[in-house]
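For reference, Swiss-Prot has these:
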- GLY39, LEU40, SER41, GLY42, GLY43, VAL44, ASP45, SER46, THR143, LYS172, SER194: ATP binding site (BINDING)
- ASP45, GLU148: Mg(2+) binding site (BINDING)
- ARG123, LYS156, ASP163, HIS254, LYS255: deamido-NAD(+) binding site (BINDING)
Amino acid sequence: MRITLNELLDLDYEGVARSIEEFIKGYVESSGAKGVVVGLSGGVDSTTTLYLLVRALGPERVLVLVMPDSDVTPEEDVHDAVGIAERLGVRYKLIDIKPIVASYLVAMGEAPDRRSKGNLRARVRMTLLYLYANMEGLLVAGTGDRSELLIGYFTKYGDGAVDFLPIGCLYKSQVRRLALHLGVPEKIALKPSSPRLWPGQLAEDELGMKYEEIDLILYALFDKGLSPEEAAKATGLPIEKVRRVLELHRASEHKRSLPPAPDPAATVWRFRRRKG
């Protein structure tokens, strides 16, 4: 068996788009929400998600929050995000989260490490999304893709805290193809991925491999059901990379699960006092 990237990418993308749009419409309608709010970074995932939301619900039911940290976010990303929001005719708000993040540091009286501060930025954005969702009766649409979800490349209770994930069924490389099909500008569709949690952060540099490799490995492991050794042979990728992806998946299981609690039957009810 030989698995190539083309096996993942050879899709009817209009069919994929329509199927996701039906999912969006059905979920929003069943919730009773007035519409959705979504964070727009100017990257491929959030932009593709926004295009699908607008196609499914219409621009009048979509609120966009552009939430840069002016210490970290490149001006180009802000320009791209605002340009897309205006192009699609959606209502948007531009909120610099720098002073909000700074207020945490002042209250703490100490400086956290880079990763902790970066995750704080993601969690500040989450609180703003849910603030507007509460005020306006909206659902929070997530922008994570399947690659990120399976390897845990998101902030717990940050960008991972959402009501639903329209592109959570698509690998990153598939999202890029869908973006081009939907008419997302090429500069955004092909822009290197980055959570923008600290200056100069790039996803592939941090992960140590390209998303095309990650997607092939995930497809081999989770869609084809291959063992790590079989996946390495089928994809032609080093077994070390396969094991790295599998370890990322296992180590991030807590991000994809509800917090555990003791079993009431074993922990509570068996200690019921007997009368008489």
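For all residues, glycine too, the Cβ spot is worked out from N, Cα and C.
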### Query
Secondary structure at SER194 (ATP binding site) (DSSP, helix/strand/coil)?
coil
### Query
Checking the binding-site residues GLY39, GLY43, ASP45, GLU148, SER194, which are within 10 Å of LYS156 (deamido-NAD(+) binding site) at the Cα level?
none
### Task
With ASP163 (deamido-NAD(+) binding site) as the reference Cα, tell me which of the binding-site residues GLY39, SER41, THR143, GLU148, SER194 is the closest one.
THR143
### Summary
Sparsest Cβ environment (other Cβ within 10 Å) among binding-site residues ASP45, GLU148, ASP163 belongs to ASP163
## Note on the structure
Cβ density check for GLY39 (ATP binding site), other Cβ within 10 Å (all protein chains) comes to 24
### Task
Rank the binding-site residues ARG123, LYS255 by the number of other Cβ atoms within 10 Å of each Cβ, and give the residue at the low end.
LYS255
